Amino acid sequence: MRIYNTLTKRKEEFVPITPGEVKMYVCGPTVYNLIHIGNARPMIVFDTVRRYFEHRGYRVNYVSNFTDVDDKIIKKAIEEGVDADVISERYIAECKKDMEALNVRPATVHPQATQEICGMLDMIQELIDSGHAYAAEDGTVYYRVRSFRDYGKLSHKNLDDLEGGKRSLLVSGEDQKEDPLDFVLWKPKKEGEPYWESPWCNGRPGWHIECSVMSKKYLGDEIDIHAGGEDLIFPHHENEIAQSEAANGKPFARYWMHNAFLNIDNRKMSKSAGNFFTVRDIISKYDPQVLRFFMLSAHYRSPLNFSAELMEAAKNGLERILTAVSNLNFLISKADGSQELTEEEKKLLEEAAAYTARFDEAMDDDFNTADAISAIFELVKFINTNTNGESSGVYLAALHEQIRELADVCGLIVDQKEEMLDADIEKMIEERQAARKAKDFARADAIRNELLEKGIVLEDTREGVKWKRV
Ligand code: AMP
Ligand code: ZN
């Protein structure tokens, strides 16, 4: 597998630190509002990366944080007259609902910054002790950027260029810095803000330290993949490297992966610019799977422009896949129970295997989901032309499993739960009653199971058979 590494600006062969295992950290959202579909892009992309690793047999330890202490959260809490944690807990819960709708699996761990303050205090102290950080008079702790020789290696920036840009950016209160490049690790509280005690002042952490600390705690000093949107390369990830590598004395992440922006009218979708749609907006208009399919229709390093036309195209594309699977399911339900493949079917399955190989090849090449989806479409075409009422059940089931597996790597659910009509359910119940009367208990049980598979539970009562959907 080859992954484009922002650090080296090259595609590199993936070699895990521990064979068979992937340790992966993805920077998560700041929780002060419903997430927008730009925030959903990294969630969907890296969930797909995780799923593909698992498809290739790796165990994935996937950590993704919630930033739950931040100026914007505090501002919202003040506006609503509630504590900051009321805001962050509310939007973590809402974010998890959106993730579930988009079939983004929960991370192995979702740490929250406010729960990890002790670890942050420890790392900041270590950085002070080793000369990489210093406390200013007012208790603010700064990272001494020039003490870290490799600063700039991820964003490919040169310190002197940065310095030039920063001089004009000096804001009040920052005059205690030794150097304009230095960034905040800990800052004094302001009136009405949440704070924690520390050796330097009562206050709260800067943004960057949480990820260094949580990544170390849940994954170890060295990890395989660190990921997020490309706006995080500088300064967030650059600063994480400076903190982690100075504190741990080891390289931090081997591969740095960054998704390009989701744009609207060719401008980055963002809360601050006001040009955004929330995930909630979009999934009230489209099946959430359409949004997921749309996101994966482009390579994750290419900018993607959101538009109604492209969503329609995604909807139609997804529909083609779902229709093929639905037809396959129909044929399976009608097929005889033969467990034998014909010679012809054996050959056809060998031919079909090429589409999985093509899918894997695309994903092996830096997770090229656009090409991987093309391979799924080819399989769809193959299924449509090479199945019919004569096909054996085993053959159809093998094709079903093949397409289900590829779709599952993309996080797409192809077996739509078909809602049965009440009348159909009742007809089947009558049939079951007739079978029982005729003492054909095998048939009666088969009908009960068939209904169960469709989410209908039967209950035999004195008043007759009752049923409910589960
Ligand atoms: P934030 O809550 O702004 O820290 O963002 C959470 C994640 O969403 C980060 O990985 C960002 O890089 C990513 N992100 C924010 N806006 C966009 C966008 N328009 N397109 C793609 N990714 C984005
Ligand atoms: Zn981070």
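Cβ coordinates are placed from backbone N, Cα and C, and glycine is handled just like the others.
Note that the structure is predicted; figures quoted are calculated from it, not measured.
Within the listed segments 178-182, 263-267, 268-272, 383-387, TrEMBL records motif ''KMSKS' region' for the stretch 268-272. Spatially close to Glu240 (Zn(2+) binding site) yet at least six residues away along the chain are His208, Cys211, Ser212, Ser215, His226, Phe252, judged by Cβ distances under 8 angstroms. Confidence over the motif ''HIGH' region' (29-39), given as mean pLDDT on the 0 to 100 scale, stands at 97. Remark: Cys27 (Zn(2+) binding site) has Pro42, Ser64, Asn65, Cys211, Ala227, Gly228, Gly229, Leu232, His236, His237 as non-local neighbours, by Cβ distance under 8 Å and separation of at least 6 in sequence. Secondary structure by DSSP for the motif ''HIGH' region' (29-39): 3 helix, 2 strand, 6 coil. Report note: the Zn(2+) site is defined by Cys27, Cys211, His236, Glu240, and the residues of the same chain whose CB lies within 8 Å of the CB centroid of those residues, excluding them, are Trp207, His208, Glu210, Ser212, His226, Gly228, Leu232, His237, Asn239. Spatially close to Lys271 (ATP binding site) yet at least six residues away along the chain are Asn33, His36, judged by Cβ distances under 8 angstroms.
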